[in-house]
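Novice: I have a structure I would like to understand better, so I am pasting it below and will then ask my questions one at a time.
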Amino acid sequence: MTQNIRINVLELLVTMICIVLIVCLPSLIVQEDVFGFHLISYVESVLGTCKNLFQINDASYVMESGKILSLFPDAFERYAYSMLILLSALLFSLIVTILLSYGYTLSSVKIKKGIQNTLVILESLPDVLIVAVAQFTVIWLFKKTNLLLFDVVSVPDDRSYILPILCLSILPLIQLFKFFVMQVEEEKVKPYIQFANGRGFTKSYILWIHILRNVLIHLFYHSKTIFLFLLSNLFVLEIMFNMDGIMNLIKYNVKIPEIMAIGIILIYVPFFIFFKCILYFVAKLSGMGEVEQ
């Protein structure tokens, strides 16, 4: 246990060092608009960034409007806003996926075929198009009915929540649903399910009590990919909705390495700790065996 903690702490420190090295890379190849290999400039940039990170309380950043403000506590507010959107979208996707998977499993072959065709169409749509269609739909309804369902853009005093969450959740929902259906079909042919069927349990009971737990365990090993997918979509989302989130903070401060490093570290460290903790508990849970209920 102690050794695992040391390994994880070392992994975290190495990753944070790599983040600093990566955000300083522009100084290695570009110096005063001159392309080349500027090793001395790169080393100076890395050392300067490390120094500034230890004095980060005095740091400032450039807003989208060009105004310069103090980094803290504004960075935490931006981070909280972005993570609220991301985690809400993930939770919404997971809940809808579980409900859809339940209905899909118990539905007829014809309905399953229709759901599969719908998913293929939705999956082929780029996230930018989904966001644009959602925004134009809300605007069109507002013009026709004078009813504004959701805010289509964010401003500092009136942030948009519901529409960004819905847009961000669509593509992960499709991925999660396909994963759930595949895992449920694999679980249904395993001996413990056949045993449960033989005991006379209903399909609903077997799905909720037996299958779902094992599918959620498998889902964790797929969750990192979904998380990275959400992050990339969040970047696009913050631009299109004009959100004052952590991604826009990074985008507008690409020439300030310490600001980029802080933004990436704020995203990486909490989820690193979260995934490591969940991995520990999943290992304990899966160690009990799939058939043990």
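Note: Cβ is positioned from N, Cα and C throughout, glycine not excepted.
Note that TrEMBL annotation is computational and uncurated.
Under the heading transmembrane segment, TrEMBL lists 12-30, 79-106, 118-141, 161-181, 227-247, 259-283. For 109-283, the entry in TrEMBL reads domain 'ABC transmembrane type-1'.
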Novice: Please determine whether the transmembrane segment (12-30) and the transmembrane segment (259-283) are in contact (criterion: at least three Cβ-Cβ distances under 8 Å, sequence separation 6 or more).
Specialist: yes
Novice: Could you give the residue numbers and ranges of same-chain residues that sit at least 6 residues beyond the transmembrane segment (227-247) on either side and whose C-beta is under 8 angstroms from one of its C-beta atoms?
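Specialist: Sequence-remote neighbours of the transmembrane segment (227-247) are 64, 75, 78-79, 81-83, 85-86, 89-90, 127-128, 131-132, 135, 152-156, 159-160, 163-164, 167-168, 171-172, 175, 263, 266-267, 271.
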